[in-house]
Amino acid sequence: MGNLRVALLLLTLSICLFPELGSAQLQRNYYSNICPNVESIVRNAVTKKFQQTFVTVPATLRLFFHDCFVQGCDASVIISSTANNTAEKDYPDNLSLAGDGFDTVIKAKEAVDAVPQCRSKVSCADILAMATRDVVALAGGPSYAVELGRLDGLSSTADGVKGKLPQPTFNLNQLTALFAANGLSQGDMIALSAAHTVGFSHCSRFANRIHNFSSQNPVDPTLNKTYASQLQAMCPKNVDPTVVVNMDPISPRTFDNQYYKNLQQGMGLFTSDQSLFTDPQSRPTVDSWAQSSSAFEKAFITAITKLGRVGVKTGSNGNIRRDCATFN
C-alpha cells in the first residue's frame, strides 16, 4: 500500500511539474493503425476547398496560430458560442478570422468521419494541424511531416484570449516576449511572421500608420512613401470597414520569402511586421531569409512544428469531438 501511495505521489508531482509532457507524445505516424489514410483524406478535402477559394490558405494558417496561442493546439478556437458561454472565436481579436478556415477543418473532419474505420478517431486539433501543413504546400511553401496525437480541448472562453495574441502595433520586444511565453524563440517568431506573405488585412488594423501616426508625422516614417500612398488610396479615412488589402503587395498568393524582401523596402503592413527590420536585433535574420528562401523554409518548418506542440492535450485533459464546433 505504501508503494502505491509513493507511486501516486510521484505521478501527481510529475503532472504538476511537467504539465506540457503531452507534447512529447506527438508522433508523425500516430494514426497509422487507427486511420491509415488520414493524411491523404485531409489533403484531398483541403485541396478541394483550396480550388474553391485561395482564402483557404491564410484563413487556415491564421486559425492554427490563433488556436495554439490560446490554451494550446486543441481546436478550442473552433467551438461555437452558446447562450451560456461566449467562446474564443467571439473575442474581438478572433472576429476577423475568415470563415473559410473553420469550414476547411469542418469539411476535412466530415471526410475523415465518412470512413467507418476513422469515425470519431481523429481529433479536430490534429485535422487543423494537417490542414495547415497542406495549405502551406498548396500555396507554394515547403512540405513537412506533421506530428499528430493531440486531443480536442474541453473549454473555450472569450475571456481566455485577452493578452494572448500579438497585436499589429507590437514592437520586437513585445513580440519576442509573447512567443517566449509559448516556448518559441525570437527566430521562431520571425519565421512564423512570414505567414503574412499570404492573406489580407482590414484597413482598420493599420490605419494609424497612414493617417494619424503622430502630430509631426501623419504617416509612419518607416513606411515606404510610394507604398504609403497606395495604402491611403485603398484605405481612405472613412473607408468601408469590410475593405481589405493584401498583406504582401508583391506575391499575395504565394507562400514565399517575399515577406522579408518587402520589409527591407519599408513595405511591412503592420508596425509589428516592419519592426522586424527596423530593430537591429532582428534585422540580420530578415536580411538572411530575404536572400535565401531555403534557409527561411528550414526555419519555418522548425518553428511551425514547435508551434504545433504548444499546450497539447492528452489523456483526461481532452477528447475527440464528434463535431468540431461543439463539445461532446
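Using N, Cα and C of the backbone, Cβ positions are placed for all residues, glycine too.
The disulfide partner of C324, as annotated in TrEMBL and taken from the candidates C124, C203, C235, is C124. Within 10 Å of its Cβ, the residue among the binding-site residues G72, P166 with the fewest other Cβ atoms is P166. Counting only same-chain residues six or more apart in sequence, the Cβ atoms lying under 8 angstroms from the Cβ of C35 (disulfide bond) belong to I41, V112, V115, Q117, C118, K121, V122.
Residues D67, V70, G72, D74, S76, E88 make up the record's Ca(2+) 1 site, and a Cβ search at 8 Å around their centroid adds H66, C68, F69, Q71, C73, A75, V77, G153, S156, G311 from the same chain. Among the recorded positions listed here, namely H66, D67, P166, T197, D248, D67 has its C-alpha nearest to that of C73 (disulfide bond).
Counting other Cβ atoms within 10 Å of each Cβ, the recorded positions V70, C324 show the lowest value at C324. Mean pLDDT, taken over the domain 'Plant heme peroxidase family profile' (25-328), works out to 96 on the 0 to 100 scale.
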